[in-house]
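Quick look at what TrEMBL lists:
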- 6-28: transmembrane segment (TRANSMEM)
- 64-81: transmembrane segment (TRANSMEM)
- 87-107: transmembrane segment (TRANSMEM)
- 144-168: transmembrane segment (TRANSMEM)
- 153-199: domain 'DUF1648' (DOMAIN)
- 192-210: transmembrane segment (TRANSMEM)
- 242-266: transmembrane segment (TRANSMEM)
- 272-294: transmembrane segment (TRANSMEM)
- 329-352: domain 'DUF5808' (DOMAIN)
- 350-372: transmembrane segment (TRANSMEM)
């Protein structure tokens, strides 16, 4: 077995666990979606009890779980008996294979559901709009004011760097191998001190964007039960906004941790312990919120009586089951059709402008990382 520093082994173990957790969430996604959606196809709520659709869901879940188990076993064996390079060479493609194969299985199931839908003659009687009853009383996402909590983290990161710059060693460890040995150094400079601050700011910007997208999103309500579905969506959006804020704060705390390592208070190996805790908390919290609430809060109203009617059918706007393209829809964001979370309306020019802006900001962050460290 290869020699791996204990804290690094712990981190790698958490990363390996992320594979089965991701696979399990993907496998059970069909059961976390609203009743009116089956493999990204609109169906009557009552169709969730249809034997054929239930068989499709069970088959999808079994196949994804089987693939996940095989890839997890392969990754675990490579971690236990192979070199670090071999482990990473197995884990990264394993995650990619899981995502691509899982998506391919979803598309295959989607095609079968679309065919079955035509055979059964399931059609929307007409486009119905959701009437919001006492909307102000329903739960809502956290406001953007909560994102000001990132400011103390950024200021703390800056303060640690400024206070410790004088005592900072002339050579700063930047990267550590699996056995705990430093493999890359950087010379002491203001740029090295600035990097953790920029990292914390970038994390704050990314998660604030996520928070903003929830606030601007179309509500995932069902016209057949407007009050209950709007309440459930409000609960879901509120929980997800808390989750995103928590994840953002935890991710931005990596900035102060890096700064403490740069000024010599902690070693890079010691910073791995809180990093492992951050990764573990994010994984568990994400899985828990997804399972408890379901997409759009569907789990909260799962016991409601199902209707045979289809209030609306917007399948034509969903390309490949996950890409929403509707120039006539003023919404920029909306709930995903297959998965937990939100997506963007690619029919809006603002969507492309926002994506281009995000790519540019990310490229600037990467460039700053290379230049400063």
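Cβ atoms are placed via backbone N, Cα and C, with glycine included.
Unlike curated entries, TrEMBL annotations are predicted automatically.
Each residue in the domain 'DUF1648' (153-199) gets a DSSP state, and the totals come to 22 helix, 12 strand, 13 coil. In this chain, the transmembrane segment (192-210) lies in contact with the transmembrane segment (350-372); the count of Cβ pairs under 8 Å, excluding pairs fewer than 6 apart in sequence, is at least 3. If you look at the transmembrane segment (242-266) against the transmembrane segment (144-168), you find at least three C-beta pairs under 8 angstroms, all six or more positions apart, and that counts as contact.
According to DSSP, the secondary structure content of the domain 'DUF5808' (329-352) in residues is 4 helix, 7 strand, 13 coil.
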